[in-house]
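Here is the structure we will look at, set down as structure tokens.
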Amino acid sequence: CAASRQAACSAGCIPVPWLCDGEQQCPDGADEQCGCECCSVPSVCGAKKVQCPGTHHCIPYWELCDRHQDCEDGWDEEGCPQQPCLPGQWQCRNRVCIMAEWKCNGIDDCGDSSDEDVCAPCPQGMVRCDEGKCILESLMCNDEDDCLDGTDEPSTCGELRAVAGHRPCGWDRGVMGQPRNCLPAYSCQVCSAHVDIRSGDLYWLAFPHLACPRTHVLCRDGTECVAQEYTCDGEKDCADGSDEDGCAQLCDTPGPPTPCQSHEYPCGLGACLNASLVCDGQQDCVDGSDEGGNCSLPCQRSCTHLCYPSPQGPPLSPQRCWCDPGYQLAEDGLSCRDINECTEWGEGACSQMCLNAPGSYSCGCLPGYLLEPDGHVCKLTGPEPVLLVAVQSEVLSYGLRSGREEVLLATDKDRVVFSLDYDLVERKVFWMDLATESIRWQDLNSGKKGTLVKGVRSDCIAVDWLGRNLYWTDGAAGQVLATRLGAAWRGIPEYTVVMDGDLDRPHSLVLQPLAGLMYWSEVGNHPRLMEATMDGSRRHVLLAQGLGWLTALALDLPTWRIFWLDEKLGSVGSARLDGTSVKVLQLGWVQSPFAAAVCEGQLYWSERKAWSVQQVDKASGKNRTVLLKRHGQPHGLQVPTRGSPKPCCINGCAKNNGGCAQLCLPNP
């Protein structure tokens, strides 16, 4: 047997990860005799991690000797030095003492690299804990210990809440004209209340003017940047509200003011007035331009809809034709043509289906959805939609209406539930187990567990609940593979390679079973978003420009769009399923997304760096909310729903397995 990859068994050789995995592979059961020294577990840990002895559980080096038991047997806290360091020395994360001047000398003197890790600055928007870990600044004073030593929750957090965190500086002239309480290094316009993570002191931080990326604009107070899409959208995103100032003149940007609609009259200062109020003997425009002048002349034009007298002469003429709401004046100045709100307003008109009508429009919903009283938004009918989330060794259910949490399944604590998906038909959860290199499942009705296939590694799995197959990506091999959902592990791999050859590190994968299509991202040297039929044929590129690392994909079938989160560019993007109508939002809180899902008007994703599951409005990227935050990294994430795509194709494997004896792959 290959010593590094295989172990000897009476029936031959088996992969090393199958040792002590809870399932007997050798006829004599030798692979599960884990109480003895012969069951040595191979290291599965990456760089800067250490393996708990006898398990597949990996912990970061900085969790050694951190006064918290991370390995089940407490091995990570054994033999740790207890004496404090002497004057002139510096204590490493692992409690080893080194000379203070050795810190940040480019050499790992501690042995756990903590003397060098603390030297590199944290990314923008993050602060460093005493033990060296960087956390999001927003996690300061949130009543949870995000730093292992609790330095992000000092006693002064109460004062921070009392001052409400953000206010303008008082310009009491002090030394050299500086505002009081500001740091004297800056000539600032604004201060913001902060708690120092080192000392715990509350202070007012002076902000110089920030430099915003080209996709953002600077707020007037100079303390923050907001996305260009958020200016003049009716919501104050800057703390000082400056993103909504001057919006009657299109936020002071060059160009003409917003034109009035066909049934409105333009007042002199940019406001619009209903045409029926013009020349009615009462001044409605602030400048009085809607009265006087030629108002006394009778209307004599042959207008299709309405004719009103006008105070002005040319270019408006003493009388003018006006149109009812929902119409606009045609080029001849007499007739009116219908406004198609569905095309001109786009997604802003309806959340799902838009039906244009003469002078108006109406919204509709797909089967399984109900139109809300506002006449625009569609909500799912039936049981409450839930979010399935993998957090470390557990799969949680989170009610998207009630917020109710429930543990659906729990694996061995030394194993991580990685990518997951859900079978709508048999109510089974499937997940990737990296430690044993296998795809496992559990029936949520009976609690029965099993292994679908072994000897595989994948970043993403996806269930075809209609054609009864499971697909996965193998980035290292550059492949997409598939197996039957009903397959049972019998010691021989039973799967097929669906696509191979020219795939550049395939990563995230989503399926559209009702149409027999699949979409995947490639994160290699030339990032791409791809589409193909589910048998691997008719491959083509949806997008190949302006992409970084698309680590999470999600389909929104009611709107016929695909969403992605880009780890490299820190953005959320979406496009129609034909690759058109691309929209990208640069969002600073997108740090390390793993998986995503869309339900109704919200986009959900798991954020590994912040150890949280978050949501934003899928159209605007606003109203970010942290739904779940646990002591453990979240990975796979799904909202189980069939969706309701437009009728175009059918899954040929849905009936009688397509007539195939083994694996049937749809080709619509």
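Placement of Cβ uses the backbone N, Cα and C atoms for every residue, glycine included.
Curation does not apply to TrEMBL; its annotations are automatic.
Keep in mind it's a predicted model, so treat the numbers as computed, not measured.
According to TrEMBL, the features are:
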type	residues	note
DISULFID	Cys1-Cys13	disulfide bond
DISULFID	Cys65-Cys80	disulfide bond
DISULFID	Cys85-Cys97	disulfide bond
DISULFID	Cys92-Cys110	disulfide bond
DISULFID	Cys104-Cys119	disulfide bond
DISULFID	Cys122-Cys134	disulfide bond
DISULFID	Cys129-Cys147	disulfide bond
DISULFID	Cys232-Cys247	disulfide bond
DISULFID	Cys260-Cys272	disulfide bond
DISULFID	Cys267-Cys285	disulfide bond
DOMAIN	298-337	domain 'EGF-like'
DOMAIN	338-379	domain 'EGF-like calcium-binding'
DOMAIN	341-379	domain 'EGF-like'
REPEAT	516-559	repeat 'LDL-receptor class B'
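Features per TrEMBL, on structure.
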residue	record	CB count, 10 Å
Cys92	disulfide bond	27
Cys104	disulfide bond	12
Cys119	disulfide bond	11
Cys122	disulfide bond	16
Cys129	disulfide bond	22
Cys147	disulfide bond	21
Cys232	disulfide bond	19
Cys247	disulfide bond	16
Cys272	disulfide bond	17
Cys285	disulfide bond	19
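Here the C-alpha separation of Cys134 (disulfide bond) and Cys272 (disulfide bond) works out to 52 Å.
Counting every protein chain shown, the number of other Cβ atoms lying within 10 Å of the Cβ of Cys267 (disulfide bond) is 18. For Cys122 (disulfide bond), the spatially nearest entry among the disulfide-bonded residues Cys97, Cys260, Cys267 is Cys97, judged by CA separation. Confidence across the repeat 'LDL-receptor class B' (516-559), taken as the mean pLDDT and rounded to a whole number, stands at 93.
Comparing CA positions across the disulfide-bonded residues Cys85, Cys97, Cys147, Cys247, the one lying closest to Cys260 (disulfide bond) turns out to be Cys247.
If you count neighbouring Cβ atoms within 10 Å for each of the disulfide-bonded residues Cys97, Cys110, Cys134, the highest count belongs to Cys110. DSSP labels the residues of the domain 'EGF-like calcium-binding' (338-379) in these numbers: 7 helix, 16 strand, 19 coil. On a Cα basis, Cys110 (disulfide bond) lies 41 Å away from Cys13 (disulfide bond).
Across the structure, Cys285 (disulfide bond) and Cys85 (disulfide bond) place their CA atoms 77 angstrom apart. Checked against Cys147 (disulfide bond) by C-alpha proximity, the disulfide-bonded residues Cys85, Cys92, Cys97, Cys232 yield Cys92 as the nearest.
Considering only the disulfide-bonded residues Cys92, Cys104, Cys110, Cys232, Cys272, Cys85 (disulfide bond) has Cys92 as its nearest partner by CA-CA distance.
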